[in-house]
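Asker: As listed in TrEMBL for this protein:
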COMPBIAS  17-38  compositional bias 'Low complexity'
DOMAIN    119-284  domain 'Sodium/calcium exchanger membrane region'
DOMAIN    321-463  domain 'Sodium/calcium exchanger membrane region'
REGION    1-42  region 'Disordered'
TRANSMEM  119-138  transmembrane segment
TRANSMEM  150-172  transmembrane segment
TRANSMEM  184-209  transmembrane segment
TRANSMEM  230-253  transmembrane segment
TRANSMEM  265-283  transmembrane segment
TRANSMEM  315-339  transmembrane segment
TRANSMEM  389-411  transmembrane segment
TRANSMEM  417-438  transmembrane segment
TRANSMEM  445-465  transmembrane segment
Amino acid sequence: MSSPAMTTGGAPEKRLSQSSSRSRTQTQQTQHQLPLHQGDVNTSTLGPDAAAAVGVDPRPAGPIAVRAEGESGRSGIHPIRFLKITLRSSSWASRAVNILWPAVPAALAVRYARPEWELAIFVLAYIAMIPCANLIGFAGQGLAQKLPHVWGVLAETTLGSLVEIILFMVLITRDIEKGGVDYIQVIRAAILGSVLATMLLCLGLCFIAGGIRREETTFSETVSEAGSGLLLTAGFGLAIPTVFQRSLVGGALTDDELLDKTIDISRSTAVLLIIAYLIYVYFQARTHHGIYDVIFEEDSKRDADKHKDAHRHRLTLTECILALAVSIALVAVLATILVDKIHYLVDQRHVSDAFVGLILVPLVEKAAEHLTAIDEAWDNQMNFALSHVLGATLQTALFNGPLVVIVGWGLGKPMGLNFETFDMVVLILAILTVGNFLRDQKSNYLEGSLLVIVYVAIAVAAIYYPNPVIGHEGAAAAETPATGTGEGAVEAVHRLLMR
């Protein structure tokens, strides 16, 4: 028996041909109806031409692949468009801050033309730091959009802390007693002040911004629990030198011996805290980045302004680098001017070291990070906002603060982590308060208002906090562990113990 294909007239062959033709037509129609996505095609089996033909990005989706939303559609530097994009910025808060740009040339002009106007120089330099920090944050945000979510958040947080690092480095290079100001005491207060400003003020404003437009905002358990645990660890590490010093007041050790041992413990603790921060970065960026990628991807879908963001012009990679270079250079110059005038505030205007370090310095050094986080909370991206807040807090406590201790060690400065009792108690209470608010993975404007009120109460107390008395022994007198200084404090403790 012959096969159907060999029958007379070729009728089966004709029917088979028509059936195949109809099948191909249906397949083509289906392909036109169903859009292709990046995950629908195994791009590793396609060449560049084939991938382009089906509209799929042929680049591998590795951990350092550039995200599509970070593409600017341009290359190189376009000065006019660069200025327009930076001035329009990415949020209403950033645009409002850009109004302060005239303060930058004004601060530089007054500094060199009228050096005797010390208060005006300090105020102008302080104001001028804000738009410069904002530009660092905006350029960092543009750079972060070109990276995967986890790497982008880490890069943006790190760049947002550059102002803080620069200020710390300028402060640690100053003479300890210049103008009667204990700059090491200012640095120590600024470390805790930065943590408090981010953890209380910025987080509180994020809760308020998110709660104004909706009844409550939610965030991931992974972000909140990891952040709370690391905050407790950071607080514990920072408290060790202080507890050691305070517990041995009036003991067998002399003041100088106790100070030396406290500094040694501070340096060892600083190294351990930096190691803890590096482990945290490795955990978030490498071994567990998939968990955070999913969380941040969901947050991107909830972005209230995602349609506007899709049509917003973006900086090229070269323009991002240029903006960072210009803003960092300006911050370095302004930070030097600002620090040079701290002695005027303390000596002539009688502003306490505690208020300068705990309140004034942290507010300006974290301006970019605060604006970014508040804008994200306003857009219902609470996981992004919380990651910026907790990331900036942890970077200060686990890296920036310990880093200045290591740098001071290299410069021969007695920089330690032996904080004032008032500062340390406030820090521990703040960590416990924030951890309690993060426990239920929900927030509202009431919780935010309470955090802001707590921060304002701390600021009021800092205004009235007395300056440490710096005697002829300089730093050793300033670092003596008690409410007073020198042998008088030790004798007072002995009298209390003998009662």
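For all residues, glycine too, the Cβ spot is worked out from N, Cα and C.
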Asker: Sort out the residues at least 6 away from either end of the transmembrane segment (315-339), same chain, that have Cβ-Cβ distances under 8 Å to it, and list them.
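Answerer: Residues 72, 74-78, 82, 85-86, 104, 107-108, 111, 121-122, 125-126, 128-129, 132-133, 135-136, 138-140, 142-143, 146, 159, 162-163, 166-167, 170-171, 174, 183, 364.
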Asker: Go ahead and report the DSSP secondary structure tallies for the domain 'Sodium/calcium exchanger membrane region' (321-463): helix first, then strand, then coil.
Answerer: 118 helix, 2 strand, 23 coil
Asker: Per the 3+ Cβ pairs under 8 Å rule, pairs at least 6 apart in sequence, do the transmembrane segment (445-465) and the transmembrane segment (184-209) touch?
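Answerer: Yes; at least 3 Cβ pairs under 8 Å.
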Asker: Which one, 119-138, 184-209, 265-283, 389-411, 417-438, has the most C-beta pairs under 8 Å toward the transmembrane segment (230-253)?
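Answerer: Per the Cβ under 8 Å count, 417-438.
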Asker: Looking only at the recorded stretches 119-138, 184-209, 389-411, 417-438, which one has the largest tally of CB-CB distances under 8 Å to the transmembrane segment (265-283)?
Answerer: 389-411
Asker: Please identify the stretch among 119-138, 389-411, 417-438 with the greatest number of Cβ pairs below 8 Å relative to the transmembrane segment (184-209).
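Answerer: Ranked by Cβ pairs under 8 Å, first place goes to 417-438.
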